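Okay, structure first, notes after.
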Amino acid sequence: MGCLGNQLLIALLLLSASGIYCVQYVTVFYGIPAWRNATVPLFCATKNRDTWGTTQCLPDNGDYSELAINVTEAFDAWDNTVTEQAIEDVWNLFETSIKPCVKLTPLCITMRCNKSETDRWGLTGTPAPTTTQTTTTQASTTPTSPITAKVVNDSDPCIKINNCTGLEQEPMVSCKFNMTGLKRDKKREYNETWYSRDLVCEQNSNETDSKCYMNHCNTSVIQESCDKHYWDAIRFRYCAPPGYALLRCNDSNYSGFAPNCTKVVVSSCTRMMETQTSTWFGFNGTRAENRTYIYWHGRSNRTIISLNKYYNLTMRCRRPGNKTVLPVTIMSGLVFHSQPINERPKQAWCWFGGEWKKAIQEVKETLVKHPRYTGTNKTEQIKLTAPGGGDPEVTFMWTNCRGEFLYCKMNWFLNWVENIQNGSRWTSQNQKERQRRNYVPCHIRQIINTWHKVGKNVYLPPREGDLTCNSTVTSLIAEIDWINGNETNITMSAEVAELYRLELGDYKLVEITPIAFAPTSVKRYTTTGASRNKRGVFVLGFLGFLATAGSAMSAASVTLSAQSRTLLAGIVQQQQQLLDVVKRQQELLRLTVWGAKNLQTRVTAIEKYLKDQAQLNSWGCAFRQVCHTTVPRPNDTLTPNWNNMTWQEWEKQVNFLEANITQSLEEAQIQQEKNTYELQKLNSWDIFGNWFDLTSWIKYIQYGVLIVLGVIGLRIVIYVVQMLARLRQGYRPVFSSPPAYVQQIPIQTGQELPTKEGEEGDGGGRGGNRSWPWQIEYIHFLIRQLIRLLTWLFSSCRDWLLRNCQTLQPVLQSLSRTLQRAREVIRVQIAYLQYGWRYLQEAAQAWWKFVRETLASAWRDLWETLGRVGRGILAIPRRIRQGLELTLL
């Protein structure tokens, strides 16, 4: 029996241990390298010290390094919050830099315009026949010889005098109109000069003047600029708020969409970028390399082509001549600006420098090699073409030159690049367009279609004097059109937003998620409280902990403590740096569009930090890098591979369980707090003074009442049990007998009758022939078996303990003897140490006495010597006096 008991006990212990070990619990890890896509506002940084740079962006310190991480991530230039924010922000910059501020429909009245000018520019009827038109008619009927291409360079004389072949005067019309000014009862005549494209005139009128009006008078959302602002390219970069990061696809084959980019780097800011606003071309971009590459939309034929910077492609624009701008007061507070012309100026124009033909040929060769392209492989069948029609910003190349909006007719340039001098494209052009030149005519407009939103703005006339701007052409905005199987058109596009998809399309914004859950076999143990680690941390930078993003979960978990401290310190450091530059940027208090955006960025950073800390605190995991819990694992089928799986991969698998795990952790923490509260209430019994508290006496009264009620109830239960026991013996109380009840007296043989009346109640239990009822006997049997079982357990345990004690007795005796010998050795050594210590004390005292006496004797001798020397010195005058006296005597 003893051996069997031991075996059962061992088996029970093994089963308990295996059961505890097999149960896995949720463990919270803080500081893991994982992230998810985010859409929070970014803030900008720039080195520009102009008005815009100080009011819109934070100062840029240029210290933004990148860190390579061994992960695979998806990138999309068109479905990208970074590019969308850039497009929206540059539009806001465009609006605030050239700011329309007065909502009105200006000058929607009939004007009297110069009829000769309206006829000349084709506003009223058919233009008068000219030599140019005659030549056009002849050209359409008779073949002409090939036209020699006209190419100009920087040293060409026509550039200096603005007299290159084909350039004409600006198409402008002088008009007069009467309008009520400040005095409503009096009208005043005004003179105004308009671009011909901004006017609509009555056709075939026989009057001396043409009746014209603005062609946008029926547009209700027209705004006039309240002041002339300077617009120029501005370089800036985007930065992520603290707690967020920017991933970049560093693959040279990236073409705007990559579901599995394996070369990923992480940084806190993007590269520098330019504020570009133009159609057809991108200017001064930062993505130009010594190669041509194409970003292609994943679901359409929209492309943005980065040109090879080796060919040094440039565009230089000029607006010659002088203008005089005068204000026209419409009413109080509303002023419209007119531009009377002193002398008819030459029209604006742009010329293109660099090896354009080689660059376009390389674009065609790159297009043929692109995996999305399915057209002809013959580059001579791929043509660079202009759009068919639409807004002026589409049909013309639209750009901004020092705050002025240029619309350039690009037929000459396309004919020159494609070397077109015959064919359908050549014959479809009018005579003026049939030229092959590396420069194009342009015109300036005041009424502009907005490029980001539907609407129109009215801006001030151009500045006086010459306007010149130089730009580097870095990209083409185009759509790839397959005409048929043998021909492909690269059609220039007016999608200004594509420029920023090229600049920032290889970035994506992610939110660092340092909190993760994973199952472990360790259960939370109760502690008195969380203790902070107060050791200093060498801050490696906020993004340093992401270096382990490609490592296995086990390797990353080993460094969680340092990573989490680096993460927290990095977030705080980022916030401090952001706060410092905001303090230096005093103009931020003006809260411009981007100023408010920068302020919102700091608020976002603080919210994220507080959110993470509050979440950890709600789970009881504050200030812990690895926090074990009492929550069982919710899904047994998901088990992490600690050696071959990264934290990012594990997070993707268990993302759907996050809500349930979070709720379970909060419930477990609430229950633990309740248990802690109940346990703390028991601590009040430790202090004897709390026993005499008034609130305690009220509880004592309650306890007393409950005890009295319990005693009364117990007495009632005992009485009922006794009555039932008597009934089981065959007796019933007299007061409860029914009327027809006749008490039966049992006949007892061989015994005397009872002599006392009081013995009648006990006579039923004294007969020799009486026995217990079978229920009572069964209960006694169970009690006897239970007593035997307990006796056997007691004896077995006692024997087992005795055997173990007998087994351990020699070991204990040997241990006792060893301890005794060790005690003797220690006692002897302590005695030696005490004797040596006393000897050292006596030696030190003797040495100190000797030193003291020696120093005292030396001091006395020195003092006597000094005294004698002093007295001798003091006696010198006396000796001299005595000598003199003796001499005189």
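Keep in mind that glycine also has a Cβ here, set from the backbone N, Cα and C atoms.
Record source Swiss-Prot places CYS249 in a disulfide bond whose other cysteine, from CYS239, CYS261, is CYS261. Candidates considered were CYS44, CYS57, CYS175, CYS201; Swiss-Prot assigns the disulfide partner of CYS113 as CYS175. Of the candidate ranges 424-451, 648-675, 732-759, Swiss-Prot annotates residues 648-675 with the feature coiled coil.
Record note: of ASN178, ASN769, Swiss-Prot gives the feature N-linked glycosylation site to ASN178, with no matching annotation on the rest.
Between CYS44 and the candidates CYS22, CYS57, Swiss-Prot records the disulphide bond with CYS57. When the candidates CYS212, CYS217, CYS269 are compared with Swiss-Prot, only one is recorded as disulfide-bonded to CYS239, and it is CYS269. Averaged over the topological domain 'Extracellular' (23-704), the predicted model has a pLDDT of 75.
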